[in-house]
């Protein structure tokens with residue numbers, strides 16, 4: 001077989017096929033792994049987002065221990081792993097915080113999506129609480145009605 005790379009098509013299927021997908025939290029159920037899995041990759045382009053998700057999926061993602069230096073403002077403000085720019089600089093220049101290219105940002109840095117979710121949750125909780133209060137009022141009414149009936153039968 002020749003040693004040429006890239007210009008050759010495979011004539012046979014892969015010899016060994018995995019039966020189960022890799023789970024990065026199967027044996028490592030640490031707090032750090034949970035944080036990494038829950039992290040939202042915002043302020044990056046589609047390609048960089050896919051790269052970061054791949055790193056998380058296959059346990060290759062390493063969080064920063066201390067902030068890195070931003071390439072634009074030269075301050076130690078980069079708190080996300082594999083990023084080269086801090087959030088304010090990336091927002092201001094409208095570029096990807098990881099590769100620095102002027103690509104379309106998939107999930108922007110803004111905090112607006114978090115606010116509506118919280119208000120929706122608070123609203124639904126309010127509805128639940130109101131429903132509980134109404135239920136408890138009905139229970140009290142039912143108890144007072146039953147007391148009234150008991151009072152009628154005794155008198």
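From the backbone N, Cα and C atoms, a Cβ is placed for every residue, glycine too.
Remember, it's a predicted structure, so these values are computed and weren't measured experimentally.
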Region 'Disordered' according to Swiss-Prot, located in which of 1-22, 23-44: 1-22
Range among 64-109, 110-155 that Swiss-Prot annotates as region 'Disordered': 110-155
